[in-house]
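A.B. asks: For reference, Swiss-Prot lists these features for the protein:
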- G126, T127, H128, G129, K130, T131, T132: ATP binding site (BINDING)
Amino acid sequence: MNTQQLAKLRSIVPEMRRVRHIHFVGIGGAGMGGIAEVLANEGYQISGSDLAPNAVTQQLTALGATIYFNHRPENVLDASVVVVSSAISADNPEIVAAHEARIPVIRRAEMLAELMRFRHGIAVAGTHGKTTTTAMVSSIYAEAGLDPTFVNGGLVKAAGTHARLGNSRYLIAEADESDASFLHLQPMVAIVTNIEADHMDTYHGDFENLKQTFINFLHNLPFYGRAVMCVDDPVIRELLPRVGRQITTYGFSEDADVRVENYRQTGAQGHFTLVRQDKPELHVTLNAPGRHNALNAAAAVSVATEEGIEDDAILRALESFQGTGRRFDFLGEFPLANVNGKSGTAMLVDDYGHHPTEVDATVRAARAGWPEKNLVMIFQPHRYTRTRDLYDDFANVLSQVDVLLMLDVYPAGEAPIPGADSRSLCRTIRARGKVDPILVSDPAQVAAMLAPVLSGNDLILVQGAGNIGKIARQLAEAKLQPEENAHG
């Protein structure tokens, strides 16, 4: 750490001068890697461990971090503090070794809270839309010359990274409710996009517990802070009287403080008007498809307006918005001549959405922007518990596509649950009579099973949160060609 970096670091958090070496267990995760990247750029010595290399670990290695692709006690012994992902179990050898050596072990959100402590924190929470909204706020602040620090759960395409250290007092961060760790954060502004039943194991299956946790999160705001909340969401509308802070509401609803009107979509762009209290209307062109993204933009504009950012900067940022990785991520348009001998093309889009609400939003955006396309979805359910708990909702939304290929459930460490598997879900969807799903038991066969169902005017949605993103990239690299055709 050089003198200049250390001086800057001490000016932000003087007490953290005692910390030299920060070790991350599960460093390859987007949220963990983002915080590690900011701290590396602040001059800390960073190390971490994960099971396999990925784009996040490559980026950190380039910044000088030491990455171990194993979990061993000796990896942590020189650390001042160990940061642990919620995906890591308490019996991990590095965690055990840290406890034995009396090295503090903290969760990711606790370290994020330290980054936020002496900055103007803007935290983005909610069941859906966090990553994109965080990126939109960051883009607007950057366009306005405010040079924010941001820590996002997905790749911010314009920056080519999940996180970036800025030189201003602003820190914009995604706030994760999945393990309730967002309660560590004490932001100045908090966005809540929506609240639905997800990650219910954290909340002991009690939706009231989840709702109260969001209230507690908002009450971490100082009394002069501000909550920015989507009034279209019925749960948020119900909770508004319980929020003892200043509130700005947004949405399509007539009574929203920042109201979306006249929405229309052409291809990948949304066009709409934002009506604000005591401010001129904004006529927005948003470079992201779907009504859900208009809501995300309304949240970002609400925050930017409150900060006093000029309208021109807001409009420029939204029109040039490059999106985030795996959120309606356009991977290319490929001719089918070498795929199945047909004329025409197929567009390939990769999307992380894995909850029925998210999948529905993606399908609606695809239908609105490309109504003439044959909509083909390759879906990988994520977790047996989610598939069980939202089974009917999944069956309904997946019945909306023209062609459905379904991979086996990505377990994310869970044991199989009878009746909550992909074969059962396919059977249920088939019985509804709208679409005849194709079960793909071997991921290596996706391209071969996809080729015959493509018509020559297709939009392929690769959908899910497991390892299906890797399959999307492989399809793009092979230009959709099955392996036996790929070299022909």
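First residue shown is number 1, and so on along the chain.
Quick reminder: no glycine exception, Cβ is built from N, Cα and C everywhere.
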A.B. asks: To test your reading of the ATP site: which residues beyond G126, T127, H128, G129, K130, T131, T132, same chain only, put their Cβ within 8 Å of the Cβ centroid of those residues?
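C.D. replies: Going along the sequence, the neighbours appear as V124, T133, T193, N194, N296.
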A.B. asks: If you count the C-beta atoms lying within 10 Å of each candidate's C-beta, which of the binding-site residues T127, T131, T132 ends up with the smallest number?
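C.D. replies: Taking T127, T131, T132 as the binding-site residues, the minimal 10 Å Cβ count falls on T127.
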A.B. asks: Determine the minimum-neighbour residue: among H128, K130, listed as binding-site residues, which Cβ has the fewest other Cβ atoms within 10 angstroms?
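C.D. replies: So among H128, K130, the binding-site residues given, the one with the fewest Cβ atoms within 10 Å is H128.
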A.B. asks: At a 10 Å cut-off from the C-beta of G126 (ATP binding site), count the other C-beta atoms across all protein chains.
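C.D. replies: Summing over all protein chains shown, G126 (ATP binding site) has 24 other Cβ atoms within 10 Å.
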A.B. asks: If you draw a 10 Å sphere on the Cβ of G129 (ATP binding site), how many other Cβ atoms land inside?
C.D. replies: 24
